[in-house]
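As recorded in Swiss-Prot, the features of this protein are as follows:
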- 382-433: compositional bias 'Pro residues' (COMPBIAS)
- 101-179: disulfide bond (DISULFID)
- 1: N-linked glycosylation site (CARBOHYD)
- 329: S-palmitoyl cysteine (LIPID)
- 330: S-palmitoyl cysteine (LIPID)
- 298: N6-(retinylidene)lysine (MOD_RES)
- 369-439: region 'Disordered' (REGION)
- 1-26: topological domain 'Extracellular' (TOPO_DOM)
- 52-63: topological domain 'Cytoplasmic' (TOPO_DOM)
- 91-102: topological domain 'Extracellular' (TOPO_DOM)
- 125-144: topological domain 'Cytoplasmic' (TOPO_DOM)
- 166-192: topological domain 'Extracellular' (TOPO_DOM)
- 218-254: topological domain 'Cytoplasmic' (TOPO_DOM)
- 277-286: topological domain 'Extracellular' (TOPO_DOM)
- 309-439: topological domain 'Cytoplasmic' (TOPO_DOM)
- 27-51: transmembrane segment (TRANSMEM)
- 64-90: transmembrane segment (TRANSMEM)
- 103-124: transmembrane segment (TRANSMEM)
- 145-165: transmembrane segment (TRANSMEM)
- 193-217: transmembrane segment (TRANSMEM)
- 255-276: transmembrane segment (TRANSMEM)
- 287-308: transmembrane segment (TRANSMEM)
C-alpha cells in the first residue's frame, strides 16, 4: 500500500513516506509488547509508591528520589505507553489527532528526562553518603531532597517544552503509531534542539553519574581493604558489625549501579538514532530502526520495581508484610532474604529518628569503629617508652682507650698456636683420675 502513511488528522514527515508499510504482525506484536510494559509498569511502580508511602522505615530523604522515580515511571507507563500507543498499533495508525500527539510527546519527554535526572540525583546522594558520610548525614534532609526533586522537574520541563513553542517539534515516528520529538528535519531549529537536549539533558547527567559511581566503586574498594586490615584487631561483635556494614555498603552501590545502567541502556538508543538522523546517513533511520528505541524506552518503566524487589532487603520485607504472594510467585531465596535482614539488623536504623539514610548510618558506624580503633592504639603506652635509652647511654669509652699501637705489631706471632703433630690418637679418650679423697 503506497499510501499506508496517510492520516487526515496528521502531518506526516516525507522521510517516512519513502518506506513500505511494515507487516500487520509487527503492529500487533508491538501493540502487545507496549500493553505488557504498560500494565507491568503501572502495577510495579504503583506497588513501589504504595509501600514507600505506607512503610515508615522507608520514608527517608534518600528514598524520596526512589518515590519520585516510581511516580515518573508510573505516569510514563499510564499515559505514554498503554493504552494510547497500544490502540494505535492495533488500528495501524495514530487515531488521536495532532493536539494529542503534541501532548503525548510532551509527557513522554518530561517523564523520560525526569527519570534520567532522578538517577543523577540518586548517584549524587550515594556519592555524598559514601565519600563524605559524616557531612552527608548532616546536610541531607527531607527539605533538601524535595528541593532537588523540584529542580529535576523544572529542568526536565524546560527541555521538553521547547517543541511546543516552535523550538523543534513533536511528530509521528517509526511505524507512525506514536509521537516523539522531531529528529528527522535538518533545519537550524530542530538541529539546535537536538544538540542542546543531547548535551544538557542526556550527556550531562551521564557524565555526572559516571563520575559519582566511579568514585563510589573506588571508595568501596578502599573500605574493603581497611576492613580486612582491621579484622585482625576487632573482637567478634565489632568484626560482625564491620562485615555487615561493608556488605550492605557494597549491595547498595550495586543496586544503584544496576538501576542506572538499565536506564542508560533504555535511553541511549534514542540518542543514537537522533544523532544519526541529524549528522549521519538518514536513510539508515528506517521505521524498524526508529521503533526499536521506542521499545527500549517503554520497557524502562518496568526495570526499577523489579530491581528493588530483588535487591532491596527493606523493600522485600515490606512486600512480605503487604503482598506475600509476590514473594511466592517470584520464588525468592528465603535464606538470602534472612541473611540480608540479619546484616542490616547490625546497622542501627538511625533514619527512623534522625531522618538520615541507611547508607549514612552504615558509613557513620564504620567510621566510628575505625576512630575507636585509632583511639585505642593511641592510648596504649609506646614501646620503648619515650626517653629510653637515656641520653648518653652507653657511655663513651675513656679517652686514649685502647692505647695507641695496641695490639703490638706482629702479635700474635706467625704459626701460633702450633698445629698438632702426628695422626690423631687411637682408642677411647683418656679419663681423668678422680680427685683424692673421693671414692
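Placed from the backbone N, Cα and C atoms, the Cβ positions cover glycine too.
Small disclaimer: the values here were computed from a predicted structure and weren't measured.
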Worksheet, complete the sentence: In DSSP terms, the topological domain 'Extracellular' (1-26) comprises 7 helix, 0 strand, 19 coil
Practice prompt. Between the Cα atoms of residue 298 (N6-(retinylidene)lysine) and residue 101 (disulfide bond), find the distance and write it as a whole number of Å.
Written response: 17
Worksheet item: Got a sec? Which of these disulfide-bonded residues, 101, 179, has the most Cβ atoms within 10 Å?
Response: 179
Response to the item:
Per DSSP, the topological domain 'Cytoplasmic' (52-63) contains 9 helix, 0 strand, 3 coil
Worksheet entry | Sequence-remote partners of the transmembrane segment (145-165) [C-beta within less than 8 Å, at least six residues beyond its ends] | 61-62, 64-65, 68, 102, 105-106, 109-111, 113-114, 117-118, 121, 181-182, 193, 196-197, 200-201
Fill in: Tertiary contacts of the transmembrane segment (287-308) (same chain, 6+ residues out, Cβ under 8 Å)
16, 19, 22, 30, 33-34, 37-38, 40-41, 44-45, 47-48, 66, 69-70, 73-74, 76-77, 80-81, 85, 108, 112, 115, 173-176, 178, 180, 255, 258-259, 262-263, 265-267, 269-270, 272-273, 315
Worksheet entry | Helix, strand and coil residues within the topological domain 'Extracellular' (166-192) as assigned by DSSP | 5 helix, 8 strand, 14 coil
Worksheet item: For the topological domain 'Extracellular' (1-26), what's the model's average pLDDT?
Response: 89
